[in-house]
């Protein structure tokens, strides 16, 4: 991992905006908003790097990630006076981040020669766990464990990734297709309330 | 750590069943049930491996743990239509997992030449922290911090382990005795409501 | 990191007392009080060491930290019968711990040749995250994310540290000034209810 890449930048910015929006909805102070944006954007990647032993963590020595989070947070606070609709902003940027970071995580797995299942696990961890840590920090039930399809979208994108790869598609194509399919799938899932089955739903417990 | 061992398999399966039962009680969807089972079964061992620097984490490259969690989750969902009594299932399998994973954690400590206190700490972390992460994820107060004796059981088992070891008992004997004493102690503790003292109990705060 | 230093001892003892007080207020049993004291005192340093790859974690092989936590916990439980005012005890020792551990974290960053921003980040992580993990474990909203100035104090102290360092002050001077300014700033912030701005405060959400 030499220098920061476009894909990291977009994912980091998108999750920072989503995180800052969530924190503002909870009326945290400006520092709290920044910290939550940071956790949302870099938490998943940090957990991934700790699990694969890629330490010291890059954001301690390379300040570019922190700068992106800072600028995104400032932009979110600034535009908040213009745009009122937190919920849809959060959803949109969260979906973008989900797509980009799934690809980043899968790439890490491939660079470690992991089995596709391990790669998809890393993609899902990278994409989802920043949000989980954010939700736990804000005392919300993690979005990932609620009914809405979320982590499943990331896994679905990972399957698309490896399917196209096995079919011999060029790298650019299966990365972009993975990313786009995640964003589209996520937005559709929310719009049409797609849910995974809970076969024990009907019972009283 | 070459290949997965019987003791890991039983502990993983037991904690997966306990975790899946807890997740079903919260009416999560099928994917959420699997993730919570996974966190319960592998969270403690993952924290242990991160703390001792045994990375990349084994379950990223060795899929056998994930397969055990998957099969246990499917079995739990399937048998749920037959057995209604979640609470006792959770308790029973949780106790089994507690016993097996305490032994696994202590063994890790011994292989690192740690002091018995460090070994028992690793045993307790391995056995208890999957459940802590599960409870925090489900927005429950972690079981370990409630009145019921839990982590103490793991420590008690660790003391039995080293006591028999110092007395020169054969390896098989003190491992099995540690394991059995934990399961029995835990079940008795729940049945008879054993509690550690809270000397500040009587006060109003 | 050869043997434990005065600065670690004071920080560990202070955070243990703060953690034990918080746990007693929640009426945990004696073991729970010890665990929460341990998490509060060693959680931040553990996260720091995991992030920079300083593993196996020192407290697994060097039992001195654990002994300090144990003695501090026993002292807190004992004095609890004499002193009733948990809240101010918690505040005072928490401020002491905040100061000492900020300095410890910054020193770790300097020893790794990190940029001052990275050093201050490590100082803040070391000083604040034990408390965050404690609060999450006790199902409290983390203090750090509430309105009260907290992590900001740690960052402020870090700025003092590097300002004096750049000005060529002797090591002892900027370490002590950093520490004292954090404790004083924190106590003043609580006494006079200093808050960071929440520009979105006026709105109804």
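Cβ coordinates are placed from backbone N, Cα and C, and glycine is handled just like the others.
Per TrEMBL, domain 'Glycine transporter' is recorded for C:6-80 (among others).
Annotation source TrEMBL lists transmembrane segment at C:7-24 (among others). Proximity of distant same-chain residues to the transmembrane segment (C:7-24), defined by a Cβ-Cβ separation under 8 Å and at least 6 residues beyond the stretch ends, is recorded for 32-42, 65, 68-69, 71-73, 75-77, 80, 86, 89-90, 93-94, 96-97, 99-101, 103-104, 130-131, 134, 138.
According to TrEMBL, the transmembrane segment annotation covers C:30-51 (among others).
What TrEMBL lists as transmembrane segment is C:63-83 (among others).
Positions annotated as transmembrane segment by TrEMBL: C:89-110 (among others).
Annotation source TrEMBL lists domain 'Glycine transporter' at C:92-165 (among others). Helix, strand and coil counts under DSSP for the domain 'Glycine transporter' (C:92-165) come to 60 helix, 1 strand, 13 coil.
Sequence annotations record features per position, and here TrEMBL assigns transmembrane segment to C:117-137 (among others).
Among the features that TrEMBL reports, transmembrane segment is placed at C:149-165 (among others).
Sequence-remote contacts of a segment are chain residues at least 6 beyond its ends whose Cβ falls under 8 Å from one of its Cβ atoms, and for the transmembrane segment (C:172-194) they are 91-92, 94-96, 98-100, 102-103, 106, 148-150, 153-154, 156-158, 160-161, 164-165. Here TrEMBL flags C:172-194 (among others) as transmembrane segment.
Of the Cβ pairs linking the transmembrane segment (C:117-137) with the transmembrane segment (C:63-83) and spaced 6 or more residues apart, fewer than 3 are under 8 Å, so the two regions do not touch. Counting same-chain residues at least six beyond the ends of the transmembrane segment (C:30-51), those with a Cβ under 8 angstroms from any Cβ of the stretch are 11-13, 15-20, 22-24, 57-59, 65-66, 68-70, 72-73, 76-77, 97, 101, 104-105, 108, 122, 125-134, 137-138.
In terms of DSSP secondary structure, the domain 'Glycine transporter' (C:6-80) contains 63 helix, 0 strand, 12 coil.
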